[in-house]
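S.K.: Below you'll find the structure I mean.
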Amino acid sequence: MIRVGVLDLQGSVVEHMKILEKIDNVEPVRVKYKEDLDNIQGIILPGGESTTLGKLLKDFHIHDTLKEKIENGLPVWGTCAGMILLAKDIQGQEESYFKVIDIEVKRNAYGSQLNSFSIEEMLEDIDKEPIELVFIRAPYITTVGPNVTILKRVRKNIVAAKEKNVLVTSFHPELTEDTRFHRYFIDKFIKNK
C-alpha cells in the first residue's frame, strides 16, 4: 500500500483525498503535524491561499521538517498555492517558502475569482486523451531553471513543470473526477523513486 500524504492545513484537502481513494493500493493520509510525515511515500500540497498556508506551516511547526524531507527526496506535488509554496522565487514578493524547484511564479496571474476557467488540454506525458484543467485565481510560472522540465503551457504560460522529486501545477486536477494526474504523480514520482 502506497501512503500519500495531503497537507491538511487549508485548501482542497478533501478533494485530493477523494481522488486518491479511487486509486488501487493507495492510502491517502492527512498531514497536519510533523509526526504525520512519518511513513508516507509522497505528499501533495493542495490549493488554497499561499500566504495563509505559509503561516500555518510555521504555526504547526511542520515547515522545517517537511522542507528537509523534500530536499532528501520525498516526492511532492504542489497544486496552485502548493506550487507557490514550492517555488524558489515569487514575483513581487521578497520571501518564499520551501524553495525546492527552480522556478519563479506569478501569484493570481490569471486574475480574480471571476477570471477562473476550465479547459481541456493534452498532456503527452500523462495520456493521449485530453485532460480537464481547472484554473482558479491561478498562478503561472514566469521563468524556469536549466534542470526544470516544462510539462504544459496554456495561453503561452507555463502551468505545469517538474524537477527531480518535485511536481507543480497551476491547475486543480482534484476538482475533476479524473484520477490520471494523481496516478501520474504516484507512478512517475513515488513508484520510480
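A Cβ is built for glycine as well, from the same backbone N, Cα and C atoms used for every other residue.
Remember, it's a predicted structure, so these values are computed and weren't measured experimentally.
Pasting the feature list from Swiss-Prot:
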ACT_SITE  Cys80  active site, nucleophile
ACT_SITE  His172  active site, charge relay system
ACT_SITE  Glu174  active site, charge relay system
BINDING   Gly48, Glu49, Ser50, Arg107, Ile136, Arg137  L-glutamine binding site
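Walk me through the surroundings of each of these features.
M.R.: All chains included, 29 other C-beta atoms sit within 10 angstroms of the C-beta of Cys80 (active site, nucleophile). DSSP gives Cys80 (active site, nucleophile) a coil state; it is part of no helix or strand.
Around the Cβ of His172 (active site, charge relay system), the same chain contributes Ser12, Glu15, Gly47, Thr79, Cys80, Val134, Phe135, Ile136, each under 8 angstroms and 6 or more positions distant in sequence.
Same-chain residues at least 6 positions away in sequence with a Cβ under 8 Å from that of Glu174 (active site, charge relay system) are, in sequence order, Ser12, Glu15, His16, Lys18, Ile19, Pro46, Gly47, Thr79, His182.
Around the Cβ of Gly48 (L-glutamine binding site), the same chain contributes Leu9, Gln10, Gly11, Ser12, Cys80, Ala81, Gly82, each under 8 angstroms and 6 or more positions distant in sequence.
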S.K.: If the L-glutamine site is taken as the center of the Cβ atoms of Gly48, Glu49, Ser50, Arg107, Ile136, Arg137, which further residues of that chain fall within 8 Å of it by their Cβ?
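M.R.: Result: Gly47, Cys80, Ala81, Ile84, Asn108, Ala138, Pro139.
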S.K.: Taking DSSP as the reference, which of helix, strand or coil describes Ser50 (L-glutamine binding site)?
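M.R.: DSSP call for Ser50 (L-glutamine binding site): helix.
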S.K.: Sort out for me which one of Glu49, Ser50, Arg107, Ile136, Arg137 has the most neighbouring CB atoms within 10 A, since those are the binding-site residues we care about.
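M.R.: That would be Ser50, with the highest Cβ count within 10 Å.
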